[in-house]
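Record features (TrEMBL):
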type     : residues : note
TRANSMEM : 28-51    : transmembrane segment
TRANSMEM : 63-82    : transmembrane segment
TRANSMEM : 94-113   : transmembrane segment
TRANSMEM : 119-138  : transmembrane segment
TRANSMEM : 158-180  : transmembrane segment
TRANSMEM : 186-206  : transmembrane segment
């Protein structure tokens with residue numbers, strides 16, 4: 001997604017078509033949120049069984065996987081915003097923001113290790129990249145004026161639906177674990193499949209019902225609504 005954004009935005013920026021440019025920036029950010037938020041939250045929910053599928057049982061492993069899942073949102077957004085800045089011919093700006101983030105990470109490293117032990121390094125990295133993301137987003141807004149309020153409003157709706165999906169997936173996880181043990185690879189995989197099915201259905205249903213998916217899927221959203229009999 002980030003790679004595809006570079007030529008599109010660069011072309012419109014060169015032509016000076018700022019209306020199209022603003023629309024593209026909004027759509028890229030919303031598409032990222034639409035895909036990445038449910039994926040990361042879902043991975044966080046099933047961190048324990050999915051860890052057991054691939055690795056031996058470990059008391060800390062699932063926690064690190066859950067933190068890494070949340071961290072992937074920030075890293076993914078950094079990649080997207082970094083690509084947009086490159087498209088806007090702001091390579092040095094992107095690098096300088098990355099360096100600021102690395103400095104923040106270095107400062108936060110020891111305090112976070114003291115607070116969160118093994119997960120502290122991941123938390124410090126996440127904080128550093130959050131700073132980089134905020135700086136990058138603010139710079140992109142000043143360069144394009146892409147409609148920050150509208151983008152935050154729509155992204156907030158996606159976040160709300162993703163959180164509802166997360167709650168439903170968590171309930172499905174705990175219910176499944178009452179009857180299916182997750183200490184074996186096969187049964188853990190079954191639990192992951194059940195939770196993924198529940199979470200995926202809830203997310204798709206709500207995004208179609210609330211018309212959130214229309215901006216992302218276009219005309220396909222109407223077809224999915226008919227198939228799922230959603231009014």
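Backbone N, Cα and C define each Cβ position, glycine as well.
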Spatial neighbours of the transmembrane segment (119-138) far in sequence, C-beta under 8 Å, 6+ residues away: 60, 63-64, 67-68, 70-71, 74-75, 77-78, 81-82, 84-85, 94, 97-98, 100-106, 108-109, 111-113
Tertiary contacts of the transmembrane segment (63-82) (same chain, 6+ residues out, Cβ under 8 Å): 1-2, 5, 28-29, 32, 36-37, 40-41, 43-44, 47, 50-51, 94, 98, 101, 118-119, 122-123, 125-126, 129-130, 132-133, 136-137, 140
